[in-house]
Ligand code: ASP
């Protein structure tokens with residue numbers, strides 16, 4: 001993917017395009033949008049910004065973001081690291097929004113450079129009224145080039161807001177304001193083309209690159225009157241860890257308790273809240289299947305970390321041979337209520 005950049009004196013920015021709605025339009029009326037706009041064509045939308053700027057743009061793939069995967073993201077990471085070595089001041093990745101909260105967190109856990117890595121996308125395809133792709137890409141580029149964005153890891157820029165990878169969630173399927181950082185709020189804003197941070201950069205956790213990528217982490221959703229069939233087969237199917245997207249503050253039904261107890265003796269079991277906001281508890285409920293009971297049985301509470309991000313954390317840790325350290329990382333990432 002790497003390519004030599006020209007020698008220059010102007011600030012330089014590298015943009016890697018992966019696909020998603022920002023790269024989509026319909027082939028013919030009524031056909032439905034598909035990814036077909038290359039990175040080079042995306043650049044036309046931000047001509048106002050890149051006049052006088054040396055921008056390097058590369059189409060790394062053209063897929064809907066549901067079809068991105070961890071192996072591909074590791075390649076994207078290496079590409080972004082190469083851009084930094086070539087001297088860019090910022091890197092932007094454009095992709096679909098469906099998995100943006102997950103890809104941002106995945107890349108953030110591995111991004112050790114001070115140079116900003118900024119992810120963005122669009123909620124409306126480029127051929128729709130009010131398409132937001134160009135505005136988001138322009139904002140993301142400004143953020144990536146801004147010195148205040150350094151040492152903040154991976155940032156998500158959408159709809160005039162800057163979000164930290166750790167906190168950002170996609171919480172609406174269709175709205176332009178689909179992204180938020182729930183209780184934490186955005187890390188910053190883009191107002192009148194200026195990048196304004198609301199908080200200082202905070203200490204980050206950076207993990208080693210995974211040495212293996214063949215392991216599997218199951219994610220099971222607790223629902224009312226759920227059966228136990230999938231849970232019964234987690235170990236036999238060879239999963240290396242289990243994340244439970246649990247009710248409320250980290251609760252499951254009485255039927256799930258013995259199975260979880262058994263699974264914790266073999267593999268890590270992480271319990272996150274399925275509610276979309278706030279934290280799991282540790283010492284509030286004493287019923288069977290409550291968080292205190294699950295902790296006693298060896299499960300680990302994820303705090304503010306959502307189930308999707310908990311799955312990424314344990315997958316990366318296992319890949320780096322650090323699965324046993326998950327409790328320590330959950331304390332640092334999941335229970336970090338503030339950024340200071
Ligand atoms: N709806 C998606 C998007 O906003 C499609 C995708 O994630 O690729 O980009």
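Keep in mind that glycine also has a Cβ here, set from the backbone N, Cα and C atoms.
Annotation comment: TrEMBL describes 15-200 as domain 'L-asparaginase N-terminal'.
Among the features that TrEMBL reports, active site, O-isoaspartyl threonine intermediate is placed at 21. Reduced to three states, the DSSP call for residue 21 (active site, O-isoaspartyl threonine intermediate) is helix. All protein chains considered, the CB of residue 21 (active site, O-isoaspartyl threonine intermediate) has 25 other CB atoms within 10 Å.
Taken from TrEMBL, the feature substrate binding site covers 65, 97, 98. Reduced to three states, the DSSP call for residue 98 (substrate binding site) is coil. For residue 98 (substrate binding site), the same-chain residues that are 6 or more apart in sequence and have a Cβ closer than 8 Å to its Cβ are 20, 64, 65, 66, 170.
Taken from TrEMBL, the feature domain 'Asparaginase/glutaminase C-terminal' covers 216-325.
Each of 20, 21, 64, 66, 95, 96, 99, 100, 121, 170 belongs to the same chain as 65, 97, 98, is absent from that list, and has a C-beta within 8 angstroms of the C-beta centroid marking the substrate site. Across the residues of the domain 'L-asparaginase N-terminal' (15-200), the predicted structure has a mean pLDDT of 94. Its Cβ taken as reference, residue 65 (substrate binding site) is surrounded by 19 other Cβ atoms within 10 Å in the chains shown. Mapped onto DSSP helix, strand and coil, the domain 'Asparaginase/glutaminase C-terminal' (216-325) counts 38 helix, 20 strand, 52 coil. Same-chain residues at least 6 positions away in sequence with a Cβ under 8 Å from that of residue 97 (substrate binding site) are, in sequence order, 20, 21, 65, 121, 122, 123, 158, 170, 178, 179.
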